[in-house]
Amino acid sequence: MNATMQRSAVAGRTSGKVATTARASSMARPRLPIAGRVARRSAVTVRAVAEPVVVDKAVEAPAKPVPSGGDPWEDEKWTKYKWTVYRGVAYDLTPYLDRHPGGRWLLNLAIGRDATALFESYHLRPEVAASMLKRLPVLADFPVDAVPPSPRPNDSELYNAIRERVRKEVFKGTEIKGAHRSGSEGAAFAVLGYAAAMYALYTYDANPLTGALLGLGGAWIGLTIQHCGNHGAMSTNPVVNNLMGLTNDLAGGSSLMWRYHHQVSHHIHCNDDALDEDVFSAFPMLRFDDRLPKAWYHQFQHVYMWALFPFLQLVFQIGDWQALLTNRTVGATLYGASNFERQTLIAGKLAHYFLLYGLPAFLHGPTAMLGGAAGYLFTQSIVLAATFAVSHNVPETKPLDPGPTRENLDESAVTRDWGVQQVLTSANWGGVIGNFFTGGLNLQIEHHLFPAISFMHYPAISKIVADECKQRGIPYSHYDTLPEILGRFVRYMKEVGAAPQKPVKRDGEMLMLSKF
């Protein structure tokens, strides 16, 4: 993700600000009537796809008799349900929310949207998840055509082949018992131990140095345990995953906003200029993509971005509060967010402010606190910005010239090959050591294909992914070290800052962004 300015106050939390681009301007348009949405949907080009994963037949619950038509987000006949759409069928999730093995907080992400890609990319055995879904009440006459459609990972021949080999060669059947969600416990203890020790040092003597050391701990939390926990990949116990995810709040972020921004928007639509908020949320300050309009100052962004990166943490704060008030991150609406989750956000913010500002000010005075807090904010921000930004912002993942990556992204989000998209739009660097310190974010390709698998398994999975891509002639991007990919990122930012705007070549639009 472009964590660099993901919730920029300058770029704006509202869709109107993003409307400076032709693609994102859809977010500011009035909501289309149902008939209009259907007409837009019909313009999508259809292409042949791989045979989807076979799902065992399950006994389906009788459809609920409800009136036809209506707006599923506003009409009472639909809003009383916790509805989701999977492969063209609407289901009521209410009976299953508290029984979901991954926890209700994860299933909430599916409410109010087509969650096909979420379901299929989060389950190593998607046939089991689909079978359970088919036991839920079906909402008859639900206006499915009014819901922005989701990509379908199971229709990707590449993704199916990789997943099958991962199940057989890496987990050998143990995924049935949840082995794929474990293995990172040692890393969690290391991260928490370091963060606790640095906080003790910070409260003992608050100054820029101890603040910077604590900032490294905050960044390490952001890269590893909160990230893995919010994906439900730290443990087979959803409570553990939730607690690890909440460390994001203590470190200064928001686990709730992260899940919608990162998992609903970025992961499903990686590097899509209209649907991945990491592409456009820093605009107009930073231009991460040549499909965005070009301003004169973008030619210098590879220089001045380093003056912006230290303020990423402050951007998080502004963006999280704005999203809470507007019920929307830049790229995803909080349809399923519960009142408890919202209250947790507020409590987490207050706890963070007390730990970083309140207690040190009480112990050492405001001057010492400000110096220490500045060290924390700047260090955490720079580490997160630099580490996250390189994964999707190099020439291989966002080429300025024609090629397979641009061809894939020029298709509509619904019809493009989802598995191929994740490979083409992500880049890896380093190996096992980088995997430990970044929570698997250095192996970004594997993380995007399997977000719900513990990062400790990514090195083994990467060999399978590289082999399957080689067999099909699909580019697989890997840099040897972080400095190497970081240097290429800087050069890319210079190149894209000077590049002319490229039109988006898509045959038709498939959704109203304001309802995504």
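Backbone N, Cα and C atoms are what each Cβ position is placed from, and that goes for glycine too.
Summarising the annotation, Swiss-Prot assigns heme binding site to His100, His123 and lists sequence analysis as the type of evidence. According to Swiss-Prot, the region 'Disordered' annotation covers 1-25. According to Swiss-Prot, the feature motif 'Histidine box-1' maps to 227-231, an assignment based on a curator's inference. Swiss-Prot lists 444-448 with the feature motif 'Histidine box-3', giving a curator's inference as the kind of evidence. Among the features that Swiss-Prot reports, transmembrane segment is placed at 186-206, 209-229, 305-325, 354-374, 375-395, 423-443, with the record citing sequence analysis.
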Subject >> Cβ contacts under 8 Å made by the motif 'Histidine box-1' (227-231) with residues that lie 6+ beyond its boundaries >> reply: 184, 240-248, 255, 258-259, 262-263, 439-441, 451-452, 454-455
Subject >> Tally of DSSP helical, extended and coil residues in the motif 'Histidine box-1' (227-231) >> reply: 4 helix, 0 strand, 1 coil
**OP:** Could you tell me what the rest of the chain brings near the transmembrane segment (354-374), counting residues at least six beyond its ends with Cβ under 8 Å?
**Re:** 199, 202-203, 205-208, 210-211, 214, 250, 252
Original post:
Cβ-Cβ under 8 Å from His123 (heme binding site), same chain, 6 or more residues apart: which ones?
Top reply: Ala129, Ala452
Original post:
DSSP says what for the motif 'Histidine box-3' (444-448): how many helix, strand, coil residues?
Top reply: 5 helix, 0 strand, 0 coil
Subject >> Under 8 Å by Cβ from His100 (heme binding site), same chain, sequence gap 6 or more >> reply: Leu106, Leu107, Pro238
